[in-house]
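See structure below.
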Amino acid sequence: MTTLLRAPQKAAPKEPRRRGATERQRPLWLLTPGGLLMVVVILIPLVLALWISLIDLDQYTLRRWVEAPFIGLANYAESLDSGLLHSVWISVSFAVLATAATVPIGIAAAVVTQNAYRGRGVVRAVFLIPYVLPSFVVASVWRTMLQPDGIVNRILGTDGTLWLNGPKSYWTLVLVEIWAAWPFIYLMALAGLQSVDHEVHEASAVDGAGWWPKLTRVILPYLRGPVLLACLLATLNHINNFTLPFVLFGAPAPDDVNVMPMLVYVTSFQSLRFGLSAAMAVVSLILVLIPLFVYLRAVRLDVHDEGVRR
Amino acid sequence: MSAHAEATRLLPRPLLVTITVLLCAMVLVPLSYIVLASLNSDVGVAAGEFWPSSFGLGSYSKIWTTADLSTGIVNSLIVCGCTAVFSALLGTTTAYVLVRYRFRGRLTILRGLVGLQSIPGTLMLLPVFVLFSSAGNYLGLTVVGTRWGLFVAYLTFALPFSTWVMVTYLRGLPRELEEAARTEGASTLVILRRIIFPLSLPAIVVAAIFAFLLGWNDVLFASVLTRPETQTAAVALQIFGSSQEGGAVPVYSQMMAAALVCAAPVVILYLIFQRYLVGGLTAGGVK
């Protein structure tokens, strides 16, 4: 099932279209239940979000939101004064830092579990633990451990240090995200490593290449495609991550960790400024669309032939 | 060590051992503290013990009265269980049409399936909330605060991923069996029920589990679309955690026990279906 995530340059030439006897009566109506749901709960809300971002909607106008006054781009203008740029910066820097830190960890983990040895199964299972644990559980336990009188301060001997508030909270967020997210890069890198042919290993063994040149010149280039895709997806997930900051710090979040999802959430469900919050959410969508667009170009969607599983 | 293993070895042994030990420690040190703290007493944890002076399951029995965890877990199981079943079935049907038939807009739908998974939940939450509450105002239906509302939301957000998992699986399924059945005069629904569903059961299980986890792991929608009676396990744990600050005696041991209880269903699912799920992870690229 790993066929989808191949580097674009490896794309096979397009298969000729098949037109079998089965294609004449196409049961497209089977798409309706799923399609209808997605239209009602995804497409309509998307359009509605755009609309709300252009109207002055708050708790007073919510009951009759259809009649709320249209105010054009005023919400967008106001969001610039309400800490939007600060949050964009926090979100982007947090996402990039987390991705940059997880890549070497993930690749190293994949490289050390590539060869079979006794107990490898256990090691692989251990590597997956942070990933398997639900985000809200990870955030809850770290929140407990990082309390001023918690275990982290006891072990470090830094009694009373605030990890969940003030300037250190940013690094708390980055570190906990790294702890939770590196196995994703590991899994993708492992899938890439397994696609390296045995001949490649043998050839470099015959050449007598040392382990470091072999690793950096021969093996790692194979990982470029899968790891780049993993980076894109990981960055998207970091930017969209609401659970971790919400459970770690609570709402409203401290200023240093006021990432986009938190800002949008607090603006709508605590300040009850729905129009303003929608404008901020639209900005965060645009932020996400950039890596998403690159990703969609890279994934092969049009494989349509049976037996293409590799 | 065999010649094969020798040739494919990537790192000198000492380095390999060092990295493995470091990575395992990074995971296992916090984890073992969490487990040990949950077996300790609240007083012991507050005193800063890493190794409990007395082991006991006291925290595991206390959490059910301290936090509203049982309501949360029951609600989560109901909502996520239904989400899993329906999104796997709908996803299979949708994927079957997308894989086996060519029609205008097919590629757009496939692209949409991948793209929709990356739309920020915070963008969708507000309009979904507005729509659900206007269903109350204009149609006289209560949606916000009910399990139904949450179910519909989770089902829709799980559907793109379930469909995507099924698309990747069904692509690999040979057509001959269906074509034979079709020449025998079987209708599409019969083919789906008798051929596609049984043959793709492993993938359906994966799709269902991912849909279940999507709901189980969600805090965003559950925190807005539920009332105390309908709150999910995630919300119950989050509230329990944030109610600790300012309290007289911190109950960190119970906190750890509650967190582990909330993680248990997920861990069990992974342990049972580990082999399938890891493949599904790399295929969809989403947690």
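Backbone N, Cα and C define each Cβ position, glycine as well.
Per TrEMBL, these features apply:
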- A:12-21: compositional bias 'Basic and acidic residues' (COMPBIAS)
- A:88-295: domain 'ABC transmembrane type-1' (DOMAIN)
- A:1-21: region 'Disordered' (REGION)
- A:28-54: transmembrane segment (TRANSMEM)
- A:88-110: transmembrane segment (TRANSMEM)
- A:122-142: transmembrane segment (TRANSMEM)
- A:170-193: transmembrane segment (TRANSMEM)
- A:227-251: transmembrane segment (TRANSMEM)
- A:271-296: transmembrane segment (TRANSMEM)
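Here the listed stretches are A:28-54, A:122-142, A:170-193, A:227-251, A:271-296, and the one with the most C-beta pairs under 8 angstroms to the transmembrane segment (A:88-110) is A:170-193. Of the recorded ranges A:28-54, A:122-142, A:227-251, A:271-296, the transmembrane segment (A:170-193) has the largest number of C-beta contacts under 8 angstroms with A:227-251. Of the ranges A:28-54, A:227-251, A:271-296, the one with the most Cβ pairs under 8 Å to the transmembrane segment (A:122-142) is A:227-251.
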